[in-house]
Amino acid sequence: MKAPLSLLAGAALLLLLTAATLAGPLLLPDPEAMDLAVRLGPPSADHLLGTDELGRDVLARLVQGGRVSLAVAALTATLAALFGTAIGLLAGYVGGRIDSALMRLTDGVMALPLLPLLIVLAAADPVRLGIPPDLAASEPVAVARLAIIVACVSWTGVARLVRGSTLSVRARDHVRAAEALGAGPMRVMVRHILPDVASPVVVAATLSVGHVILIESALSFLGLGLRPPLASWGNMLTGAMDVVWTAPAMAIWPGAAIFITVLAFNLLGEGLQRRLAPSLCRR
Amino acid sequence: MALGLIRPVVSRLGQSALVLLAMSFVVYGLMGLMPGDPIDLMIAGDPRLTAADALRLKALYGLDRPWIERWLGWLTQALQGEFGYSRLYALPVAAAMLPAIANTALLMVSALTLSLAIAIPLGLWAARKPGSAADILVNLLAFASVSVPVFWLGLMLIVLFSVSLGWLPAGGLNTIGGPDSLGDRLAHLALPVSTLALAGLGQFARHMRAAMIVESGRDYIRTARAKGCSPVRVLLRHQLRNALLPVVTIVALEIGGLFSGALVTETVFAWPGMGRLIYASVMGNDFNLALSGLLLATAMTLVGSVLADLAYWQLDPRVRGR
């Protein structure tokens, strides 16, 4: 079977992006070093994409932002996939009231206007939850906090797909046999159903990464996700918006980076869907 | 149709009310976790306040009671139509929200109309020959539309049409101090509506295409062709009418997403709508306004999806009998 073109294109783009974010720091200037003499400077041999409003190297910040954005996206998508799989398995296997309650919850979360809700969640102060202020401001905690917040609302797609697949796998012979041998519900779900629903999980998780990156960048753009001096593609655009009349070119690169990354994940997801789970192609 | 509709609509509205209730509870709790306390702000604003004054103020505003009790108090007031006072706008909450609701509704309805007006023909065009150049082009376009960050799309349109070409204004409802004409308002509407419409059309075009391809294999199409209907009539009167049904469902599901897009669009284009209001009130510690705004946005979304479901009932006689 030939691999779909979208799969190859998506994978190639992502390999390129990952290589760039990993190799970038070795070759580029310090992303937080300011040179106020060349604020908003044009592209030059020292600064390939020019400098920003504080004289920092745009390409270096782009690469640093990419590393952070990709890390947040990967963490969020993993959390969302774990949570969604648990909900989907439980709903599909146990059925009945639990199923209908969980699916109501899923539909409810899907129908909400998520961004305003995320703004409220992101505005909550971790210090008031008892996390020490200096720890709350550190990079790993900021990344984890954002990932948890976004994961709270992005598990729904995975949950629905897993539930659907679980419903069909539940009736198969090997599951019935395991039940007849006296396996408990936990064991049946984890050992006998989970392996069979793994490909829809992979597909749904990949497709959700693009969505997660879009949400994360929107939050960072609004000043509620990753905050400066930590560069992220979203907060670089906040800076660019302030200088859009004097340096319109500044707005191009961070957004283009988000666009290409999301496009790559969507292409990869669709390619995987065709390859691994053709029956799910029409969602 | 009327009688058969009452039950499902009532049950949907009941569910929506439950969602709103649960949400008000959660959000009320979250508000307490936000940095900045109204009393602290008052103390910062007036250095003569003593600690005893602060305690008295807390008791006066009920801030010394547990938050469940305060939430119940808020709920009782809200059910009587009292949503409190917005500190940010120095207006009652309802008065602060009213113009914003109209602005957001204008933005969302125009964007949705434009989006569907482009997406439906695109879907039709792509579905005519799956795998053709037209299909691949539409597919790429749809991928791009689904993947583009809304705020960046808005910024790029500003860079192109406002900064470089100078054709269209970059933000606001109308020219401040200028004559209030329809042309001026439309010019200000052009970029935000295009931004939101472009970001939404990929989703709709893909579903339109898929539905057209499914319908093209149905028996009734062959029957219509066999009885001598012209190809255009088969396409528009027979196939399209059935293929629009799943698109209506997608529209119902996408209204929440559209609102999220509208929030970002409003921020980029300084459009004084609900999204910007919620954002400003959360950032400015205006609890009353933030809570009511968020609930209203949710209510608008839920009502929007009930309306889309009603349209489905209206369009598809098969679900009416149930």
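Cβ coordinates come from backbone N, Cα and C, glycine included.
Per TrEMBL, domain 'ABC transmembrane type-1' is recorded for B:101-308.
With a threshold of 8 Å between CB atoms, the same-chain residues lying at least 6 positions outside the transmembrane segment (B:12-31) that come near it are 67, 70-71, 74-75, 78, 287, 290-291, 294-295, 298-299, 302-303, 306, 309. The transmembrane segment annotation in TrEMBL covers B:12-31 (among others).
Residues or ranges marked as transmembrane segment by TrEMBL: B:100-124 (among others).
Only residues 6 or more beyond the boundaries of the transmembrane segment (B:136-166), in the same chain, are considered here, and those with a CB under 8 A from a CB of the stretch are 122-123, 125-126, 191-192, 194-196, 198-203, 205-206, 209, 261, 264-265, 267-269. Residues or ranges marked as transmembrane segment in TrEMBL: B:136-166 (among others).
The annotation transmembrane segment is assigned in TrEMBL to B:186-205 (among others). Packing against the transmembrane segment (B:186-205) from elsewhere in the chain are residues 106-108, 110-112, 114-116, 118-120, 122-123, 126, 138, 141-146, 148, 150, 153-154, 157-158, 161-162, 168-175, 247, 250-251, 254, 257-258, 261-262, 265-266, 268-269, 271: each is 6 or more residues past its ends and has a CB under 8 Å from a CB in it.
Summarising the annotation, TrEMBL assigns transmembrane segment to B:243-269 (among others). Remote same-chain residues near the transmembrane segment (B:243-269) are listed as 104, 107-108, 111-112, 116, 120, 123, 150-151, 154-155, 158, 170-172, 191-192, 195-196, 199-200, 203-204, 207-208, 210-212, 214-215, 275-276, 278-279, 297, 300-301, 304-305, 308-309, 311-312, 315-316 (criterion: CB distance under 8 Å, separation of at least six residues from the stretch ends).
Residues annotated as transmembrane segment in TrEMBL: B:289-313 (among others). Beyond its flanks by at least six residues, the transmembrane segment (B:289-313) meets 1, 5, 8-9, 12-13, 16, 19-20, 23-24, 27-28, 31, 74, 78, 83-84, 86-89, 93-94, 96-97, 100-101, 104-105, 245, 248-249, 251-253, 255-256, 259, 274-275, 277-278, 281-282, 319-320 of its own chain at Cβ-Cβ distances under 8 Å.
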